[in-house]
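These notes are about the structure you will find just below.
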Amino acid sequence: MWLGVVTLFPEMFRAVTDFGVTGRAVSKGLLELQTWNPRDFTHDKHKTVDDRPYGGGPGMLMMVQPLRDAIHAAKAAAGKEAKVIYLSPQGRKLTQQGVEELAKSSSLVLVCGRYEGVDERIIQTEVDEEWSIGDYVLSGGELPAMTLIDSVSRLVPGVLGKQASAEQDSFSDGLLDCPHYTRPESLDGLDVPAVLLSGNHEHIRRWRLQQSLGRTLLRRPELLENLALTGEQEKLLAEFVDSIKQDD
């Protein structure tokens with residue numbers, strides 16, 4: 001997958017290219033990331049990249065000309081098939097379903113805003129989609145862009161050591177993940193559930209599915225409203241609810 005990022009702070013993306021899962025993906029050639037800094041497209045000695053908004057008010061906007069030229073350069077490098085995404089609080093909220101949609105693209109251009117944002121006409125003429133990582137305010141689009149890159153890259157074939165790791169992640173099937181345990185078997189009086197030590201793969205599968213369903217019910221019940229549960233899932237969830245009532 002090819003990713004282009006338009007940002008005033010390209011150095012921040014070393015966290016993506018040099019570390020962890022995404023860093024390994026870059027070193028293997030599975031992920032390519034390039035950055036374009038609007039400052040490199042300015043025409044004044046001060047490399048000005050902000051401008052005052054019409055109508056007044058606090059704050060500044062990103063200057064149109066350097067930003068637009070940087071986007072054009074990124075699009076030219078990406079090719080005609082690239083989708084241009086602006087990271088914005090007004091955008092569609094990023095979910096695992098959205099991540100899966102974006103992962104089908106061979107190339108993406110991510111535009112990171114700063115200051116109070118960008119000229120609306122840039123969004124209208126240069127941007128294909130707006131995406132948000134949540135209902136809160138950040139200082140710029142770089143962290144949301146890195147979040148999107150990390151989540152999308154996990155679905156690129158070969159990036160994870162085992163594809164099952166991605167398939168078992170929270171939200172991959174619309175549910176929260178089940179609890180996980182490693183050594184030691186007992187920690188401060190808390191023991192690993194016996195079923196995980198049994199070696200019975202079918203029992204372990206059912207336990208994990210039940211825990212995933214139960215955790216979703218307790219922590220994010222709204223997620224279940226949009227799911228069509230199978231007969232097995234309904235039975236396991238009912239058993240989970242009964243066990244809670246008995247504990248009470």
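Backbone N, Cα and C atoms are what each Cβ position is placed from, and that goes for glycine too.
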Same-site S-adenosyl-L-methionine binder from Gly113, Gly158, given that Swiss-Prot records Ile133, Gly134, Asp135, Tyr136, Val137, Leu138: Gly113
Task: Give me the non-local Cβ neighbours of Gly113 (S-adenosyl-L-methionine binding site): same chain, 6+ apart in sequence, Cβ-Cβ under 8 Å, ordered along the sequence.
output: Met62, Tyr86, Leu87, Ser88, Gly140, Gly141
Chain-internal residues near Gly134 (S-adenosyl-L-methionine binding site), provided their CB is under 8 angstroms and they sit 6+ positions away: Lys93
Nonlocal neighbours by CB distance (under 8 Å) for Leu138 (S-adenosyl-L-methionine binding site), same chain, sequence gap 6 or more: Pro144
Query: Including all protein chains shown, what's the count of other C-beta atoms within 10 A of the C-beta of Tyr136 (S-adenosyl-L-methionine binding site)?
result: 7
